[in-house]
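> The structure is given below, and queries will be raised subsequently.
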């Protein structure tokens with residue numbers, strides 16, 4: 001949706017209804033931003049017939065706290081003057097690739113205006129601010145409970161800094177968010193912190209990481225300087241990141257650390273443009289080390305209902321406790337991973353479940369990796385209902401000889417790996433080995449395999465539980 005072009009006008013009825021923002025800070029704002037979807041929805045979703053949320057556009061449903069009373073109030077308060085016939089819209093379906101995302105950078109003006117404020121669409125009793133220029137972000141963060149970032153261009157060396165959000169604040173990305181070139185390994189384009197905050201996207205938005213400006217086939221292993229982490233989510237508590245469309249990040253996409261009770265849902269990560277070689281990468285894919293979600297030192301985290309096309313780990317948990325990764329679609333990368341573990345400030349992973357997910361055309365399916373010559377602990381890990389296909393290296397891979405430059409072939413036993421369960425893990429290989437387990441002396445224990453069947457590889461290689469791999 002273009003700035004300033006509301007497809008369907010909204011008529012506030014402030015005296016005749018209940019403000020939907022009383023209990024949920026972003027509900028009213030998203031009805032304003034996603035006006036076309038709201039118009040179609042409200043045409044049939046009436047106050048007198050609010051019985052279910054089937055068919056509700058994903059952005060409206062999530063920003064209205066999944067409560068029909070908020071949806072009803074929003075339709076009453078912000079009801080469209082006219083409405084098109086309703087259409088069915090579902091949440092992100094990981095098994096279907098998204099349409100191609102496109103980005104057009106918007107050049108910054110010499111002087112940025114202050115954010116436009118509106119009390120009509122205020123959430124949580126606060127103010128909604130629409131930001132169209134980078135320079136207005138800091139004042140919006142300081143003064144607004146709801147922030148709409150519309151077609152924002154971040155100049156070189158300029159972070160979209162969302163670290164000081166008000167408690168309960170909501171940030172909505174709209175239009176196309178773009179970034180200038182910043183060849184700096186320590187530069188983070190987006191940083192988010194806060195308590196009870198919601199980070200979400202309006203219908204049709206794109207966050208473009210300008211990856212093509214940096215890709216050289218080496219990622220963080222050398223070559224030119226490039227931002228190592230695109231989005232840093234740290235010290236987020238009881239918060240949500242949802243319904244974001246992100247493409248073309250330089251190296252690692254999400255760096256998630258020191259969070260508690262964080263829900264990440266409905267994310268589309270499309271780095272498919274990095275599959276092709278360029279002049280700097282030779283015959284290799286231009287993008288490298290392009291992890292989707294790196295999770296560290298976090299507790300009670302849920303990552304769900306998301307789609308990833310990249311060139312490295314789809315998800316990598318290197319430390320943390322009580323983490324659920326559910327309903328993921330992973331294409332082209334290195335699979336669903338624990339690790340690498342060892343040699344870091346936090347080397348403990350306990351209580352991680354990967355479930356109901358697909359790993360397609362990737363080098364690995366399910367992987368646990370510990371760094372050679374280091375210490376740590378990996379325990380209570382469960383892979384359940386995982387389907388793999390087109391895997392080129394290992395269907396199930398547990399190895400204790402890992403190094404970023406390549407495995408040593410000689411496992412060490414400083415990292416303990418115990419209570420590991422695989423249930424209903426099935427699929428096919430296009431090359432490589434179905435199962436590869438290389439444990440250090442006495443460092444692996446209590447592995448369980450139930451209804452595990454991966455076929456098509458050139459054989460297996462295991463030294464635990466036995467040399468016949470899955471037999472205890």
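Glycine is no exception: its Cβ is also placed from the backbone N, Cα and C atoms.
Summarising the annotation, Swiss-Prot assigns signal peptide to 1-16. The N-linked glycosylation site annotation in Swiss-Prot covers 24, 300, 361, 385, 419 and is backed by sequence analysis. The feature disulfide bond is assigned by Swiss-Prot to 129-144, 314-330, 439-444, 462-469, with similarity to another entry given as support. The annotation repeat 'PbH1 1' is assigned in Swiss-Prot to 236-258. Residues or ranges marked as repeat 'PbH1 2' by Swiss-Prot: 259-297. What Swiss-Prot lists as repeat 'PbH1 3' is 298-319. Positions annotated as active site, proton donor by Swiss-Prot, on the basis of sequence analysis: 312. Under the heading repeat 'PbH1 4', Swiss-Prot lists 349-370. Swiss-Prot lists 378-400 with the feature repeat 'PbH1 5'. Annotation source Swiss-Prot lists repeat 'PbH1 6' at 412-433. According to Swiss-Prot, the repeat 'PbH1 7' annotation covers 444-467.
How about a rundown of where these features are and what they're close to?
Residue 144 (disulfide bond) falls within neither a helix nor a strand when secondary structure is assigned with DSSP, and so counts as coil.
Residues 58-59, 62, 92, 98, 101, 103, 173, 188, 192-201, 205-215, 219-220, 226-230, 264-271, 273-274, 288-298, 301, 310, 312 of the same chain sit 6 or more residues outside the repeat 'PbH1 1' (236-258) yet have a Cβ under 8 Å from a Cβ within it.
Proximity of distant same-chain residues to the repeat 'PbH1 2' (259-297), defined by a Cβ-Cβ separation under 8 Å and at least 6 residues beyond the stretch ends, is recorded for 58, 62, 91-92, 98, 100-101, 211-212, 215-221, 223-224, 229, 233-249, 251-253, 303-320, 323, 330, 332-333, 345-346.
Remote same-chain partners of the repeat 'PbH1 3' (298-319), defined as residues 6 or more beyond its termini with a Cβ less than 8 Å from a stretch Cβ, comprise 91-92, 94, 96-98, 219, 252-253, 256-272, 274-275, 285, 287-292, 325-341, 344, 346-349, 352, 354, 359, 362.
The Cβ neighbour count for residue 300 (N-linked glycosylation site), using a 10 Å radius over every protein chain in view, is 17.
Cβ neighbour count for residue 312 (active site, proton donor): 25 (other Cβ atoms within 10 Å of its Cβ, all protein chains included).
Mapped onto three states, the DSSP output places residue 314 (disulfide bond) in coil. All protein chains considered, the CB of residue 314 (disulfide bond) has 30 other CB atoms within 10 Å.
Confidence for the repeat 'PbH1 4' (349-370), expressed as mean pLDDT, is 99.
Cβ neighbours within 10 Å of residue 361 (N-linked glycosylation site), excluding its own Cβ and spanning all shown chains: 15.
Taking the Cβ of residue 385 (N-linked glycosylation site) as reference, residues of its chain lying under 8 Å away and at least six apart in sequence are, in sequence order, 355, 356, 357, 423, 424, 425.
Remote same-chain residues near the repeat 'PbH1 6' (412-433) are listed as 341-342, 347, 359, 361, 363, 365-366, 368, 370-396, 398, 400-401, 439-461 (criterion: CB distance under 8 Å, separation of at least six residues from the stretch ends).
The secondary structure of residue 419 (N-linked glycosylation site), as reduced to three states from DSSP, is extended strand. Taking the Cβ of residue 419 (N-linked glycosylation site) as centre and 10 Å as the limit, one finds 15 other Cβ atoms among all the protein chains shown.
All protein chains included, residue 439 (disulfide bond) registers 23 other Cβ atoms within 10 Å of its own Cβ.
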> Give residue numbers and ranges for long-range contacts of the repeat 'PbH1 7' (444-467): same chain, 6 or more residues beyond its ends, CB-CB under 8 A.
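Hits for the repeat 'PbH1 7' (444-467): 365, 388, 391, 395-396, 398, 400, 411, 416-438.
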> By Cβ count within 10 Å, point out the most packed of the disulfide-bonded residues listed: 129, 144, 330, 462.
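Going through 129, 144, 330, 462 one by one, the largest Cβ count within 10 Å is at 330.
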> Across all chains shown, how many C-beta atoms besides its own are within 10 angstroms of the C-beta of residue 444 (disulfide bond)?
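Its Cβ shell of radius 10 Å holds 24 other Cβ atoms.
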> Reduce the DSSP letter at residue 129 (disulfide bond) to three states and note it down.
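For residue 129 (disulfide bond) - judged by DSSP and reduced to three states - the answer is strand.
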> Counting only residues 6+ away from its ends, which parts of the chain sit with a Cβ under 8 Å from the repeat 'PbH1 5' (378-400)?
335-336, 338-339, 341, 348-370, 372, 407, 411-413, 415-440, 443-444, 447, 452, 454, 457
> Compute the C-alpha separation of residue 312 (active site, proton donor) from residue 419 (N-linked glycosylation site), stating it in Å without decimals.
26
> Please give me the CB contact count at 10 A for residue 469 (disulfide bond), counting all chains in the structure.
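Excluding its own Cβ, the number within 10 Å is 20.
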